[in-house]
Amino acid sequence: MDHAEENEIPAETQKYLVERPIFSHPVLQERLHVKDKVTDSIGDKLKQAFTCTPKKVRNIIYMFLPITKWLPAYKFKEYVLGDLVSGISTGVLQLPQGLAFAMLAAVPPVFGLYSSFYPVIMYCFFGTSRHISIGPFAVISLMIGGVAVRLVPDDIVIPGGVNATNGTEARDALRVKVAMSVTLLSGIIQFCLGVCRFGFVAIYLTEPLVRGFTTAAAVHVFTSMLKYLFGVKTKRYSGIFSVVYSTVAVLQNVKNLNVCSLGVGLMVFGLLLGGKEFNERFKEKLPAPIPLEFFAVVMGTGISAGFNLHESYSVDVVGTLPLGLLPPANPDTSLFHLVYVDAIAIAIVGFSVTISMAKTLANKHGYQVDGNQELIALGICNSIGSLFQTFSISCSLSRSLVQEGTGGKTQLAGCLASLMILLVILATGFLFESLPQAVLSAIVIVNLKGMFMQFSDLPFFWRTSKIELTIWLTTFVSSLFLGLDYGLITAVIIALLTVIYRTQSPSYTVLGQLPDTDVYIDIDAYEEVKEIPGIKIFQINAPIYYANSDLYSSALKRKTGVNPAIIMGARRKAMRKYAKEVGNANIANATVVKVDAEVDGENATKPEEEDDEVKFPPIVIKTTFPEELQRFLPQGENIHTVILDFTQVNFMDSVGVKTLAGIVKEYGDVGIYVYLAGCSAQVVNDLTSNRFFENPALKELLFHSIHDAVLGSQVREAMAEQETTVLPPQEDMEPNATPTTPEA
């Protein structure tokens, strides 16, 4: 036996013994002394807010310009090699993705290069993540393309009698203007949200929602790329059912497919799939992943130029890539009223994708990212970038994994990648003018593999949470058929409705005691758990507020089987039977107390003559009900206390407090005490502010724990038994007397 086993304490001897008073709320408060809270005056707060100290200035600079904090602490010898390798690896991937995602955005390819340069440089200064790769992203590019195609469709008539070539250029110029306007507006939205500290909005985009949305976006991207892969000419669609129209259009024109274009695309597709599998299998042995996309671009460009595929076989190619950077231009703000819905969706989706990947990599490497500053950084990248003809950017998942996986330590790796793009823009762009669009299509489709793998979420959510499965499926279906903008809005609404549903339909549990312990567990779950005679313990795992207060009251009566209306009805029957037996017509016609209560959500007040079948187990209440009438009551368990477990209730509103007050009175009218156990400070404050404790004696109903409430109930009943034994019976007790409401 090893040392650990020799010193191991048998489980049956691991016990704890506690001896203390029964803590009702007043008793516990007598033992506690509230700390004096020293609050600053308004003048002191204003003075502190407007006082300028070197430390405060430094912290503001660090917050708004994170580069001023991490760059001076840059460990050159440790970081430079990793950043160098990572920057080159990310740059060679960013080039083909920039060209390909420009096709998704419905703008000329060179604008994808601009979007891969300017925002990356700006994010290096303002971003808080050290590892994510900022630039064009398939989902955001597709959303931009949807707006551009909606406002500037393929069949738009350009005034001026231009020829086909010039007409295409004019159409593309209009689409660039639309993309710039959407980008500027989405950037302004992100910046304003960040300044107003609205970074928390990302929490409303739950993981099932984001994954369902990106999966639907992957289907949209896939269908958009098919026409380039097959080399067919089809109209580009946007809006509701656009994915269906795009697929049908490709299938209708498949007889006109370009075999050469398809062959080149499939060759690159196979090369990338096999190469990525090789990279994944040998990633531990490779110093860096093989830049397959870059090799595909070089190979595709070489084959296209060598065999003159564009002229000889009508293969569509990238076309002219003008050298040099364009001068700044003002986006057309007059389009804002046409694109604001899309801009909001793009701003939120772009931020959500960025912050989720940033947090994932930050947790892996042990540092913090600031959601509000990320919003500001993205807002600056998009709003200022739009002046230089960029379209909306976000975090690219595939590039971020490459940048982190190849040893990147800081955003200097991203800067190096953007400098490689700058080299292409200024000097070598013309080399890629012969690149077939089918190659870019294959690159995009292969990079969708990770998103399509998210279909494996379905069996996981089926096993773990049907509600999250519903969110995933509804998000996917709505985004697939309604379009990404309205699909996202629909998905957020559905996600919020599930939050309401969870609180409106919580789980209700009747608890029992594990014998000889202070442990109380679901009585239906374990055989060892037993109910305490005379006591019902009822638990809810949600707040009690206007949406579920009536359901809570009904569930309490249904699950515990203790319904005041049924109890009162049983007493009426007992009095009628007693009156019939003794022939006392005065008793039979005596006035009884009418009780308004709910049975299964309906008004349970009934006339005396009604004799409906009792739906709940017969229960006799231990009260001052006349002893000579007890034999007429149905046999059942004597219930004297109902304990409401509030340990999982985090707040109550005024409607919930009124419902609780009604429950206390309703049960009190039939002689049953209602105790509240485990109330948090917030719940006590809610009860106090809603005047639940107008009668101070009601505070005696509050107990620190379930066990305190159980012991308090048992002590109260024991004392009542002693009083009954000592005191003579009351001779003048009226048969139809109603027991008074129990007092704490």
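Even glycines carry a Cβ here, placed using N, Cα and C.
Under DSSP, the residues of the topological domain 'Cytoplasmic' (1-75) split into helix, strand and coil as follows: 38 helix, 1 strand, 36 coil. What Swiss-Prot records for 1-75 (among others) is topological domain 'Cytoplasmic'.
If you look up Swiss-Prot, you'll see 105-108 (among others) marked as topological domain 'Extracellular', on the strength of a curator's inference. Residues 136, 141-142, 144-145, 148-149, 172, 175-176, 179, 236, 319, 391 of the same chain lie 6+ residues outside the topological domain 'Extracellular' (105-108) yet bring a C-beta within less than 8 angstroms of a C-beta in it.
Within the same chain, residues 66, 70, 90, 94, 97-98, 101-102, 105, 112, 115-116, 119-120, 350, 353-354, 357-358, 361-362, 365, 367-370, 373-374, 377, 381, 391, 393-397, 399-400, 402-404, 408-411, 414, 417 sit at least 6 positions outside the topological domain 'Cytoplasmic' (127-137) and bring their C-beta atoms closer than 8 Å to a C-beta of that stretch. Annotation comment: Swiss-Prot describes 127-137 (among others) as topological domain 'Cytoplasmic', evidence class a curator's inference.
Residues or ranges marked as topological domain 'Extracellular' by Swiss-Prot on the basis of a curator's inference: 150-168 (among others).
The topological domain 'Cytoplasmic' annotation in Swiss-Prot covers 197-206 (among others). Residues 213, 348-349, 351-352, 355-356, 370-372, 374-375, 468, 471, 492, 495-496 of the same chain lie 6+ residues outside the topological domain 'Cytoplasmic' (197-206) yet bring a C-beta within less than 8 angstroms of a C-beta in it.
Per Swiss-Prot, topological domain 'Extracellular' is recorded for 231-241 (among others). Panel annotation: around the topological domain 'Extracellular' (231-241), residues 106, 145-147, 149-150, 153-155, 224, 249-250, 253-254, 256-258, 260-262, 314-316, 438, 481-483, 486 of the same chain, lying at least six beyond its termini, place a Cβ under 8 Å from a Cβ of the stretch.
Mean pLDDT across the topological domain 'Extracellular' (254-258) comes to 90 in this model. Annotation source Swiss-Prot lists topological domain 'Extracellular' at 254-258 (among others).
Same-chain neighbours of the topological domain 'Cytoplasmic' (277-291): 85, 89, 92-93, 402, 405-407, counting only residues six or more beyond its ends whose CB sits under 8 Å from a CB of the stretch. The topological domain 'Cytoplasmic' annotation in Swiss-Prot covers 277-291 (among others), and the record cites a curator's inference as its basis.
Within its own chain, the topological domain 'Extracellular' (308-332) is flanked in space by residues 99, 108-110, 113-114, 177-178, 180-181, 183-184, 228, 231, 258, 260-261, 264, 386-389, 424-427, 429-430, 432-438, 440, which lie at least six positions past its ends and keep a Cβ under 8 Å from the stretch. For 308-332 (among others), the entry in Swiss-Prot reads topological domain 'Extracellular', with the evidence type a curator's inference.
Per Swiss-Prot, topological domain 'Cytoplasmic' is recorded for 360-370 (among others), and the stated evidence type is a curator's inference. Assigned with DSSP, the residues of the topological domain 'Cytoplasmic' (360-370) fall into helix, strand and coil as follows: 6 helix, 0 strand, 5 coil.
What Swiss-Prot lists as site 'Controls the electromotile activity' is S398, and the listing cites experimental evidence. Of all Cβ atoms in the protein chains displayed, 21 besides its own lie within 10 Å of the Cβ of S398 (site 'Controls the electromotile activity'). Mapped onto three states, the DSSP output places S398 (site 'Controls the electromotile activity') in helix.
Feature annotation from Swiss-Prot assigns topological domain 'Extracellular' to 432-436 (among others). Sorting the topological domain 'Extracellular' (432-436) by DSSP state (H, G, I as helix; E, B as strand; all else coil) yields 1 helix, 1 strand, 3 coil.
As annotated by Swiss-Prot, topological domain 'Cytoplasmic' applies to 505-744 (among others).
According to Swiss-Prot, the feature domain 'STAS' maps to 525-713.
The region 'Disordered' annotation in Swiss-Prot covers 720-744.
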| Under the DSSP assignment, what numbers of helix, strand and coil residues are found in the topological domain 'Cytoplasmic' (277-291)? | 5 helix, 0 strand, 10 coil
| request: Please give the sequence-distant neighbours of the topological domain 'Extracellular' (432-436): residues at least 6 beyond its ends with Cβ less than 8 Å from one of its Cβ atoms. | output: 95, 99, 261, 264-265, 297, 300-301, 304-305, 309-310, 315-321, 424
| Same-chain residues at least 6 beyond the ends of the topological domain 'Extracellular' (254-258) whose Cβ lies under 8 Å from its Cβ atoms | 230-233, 313-316
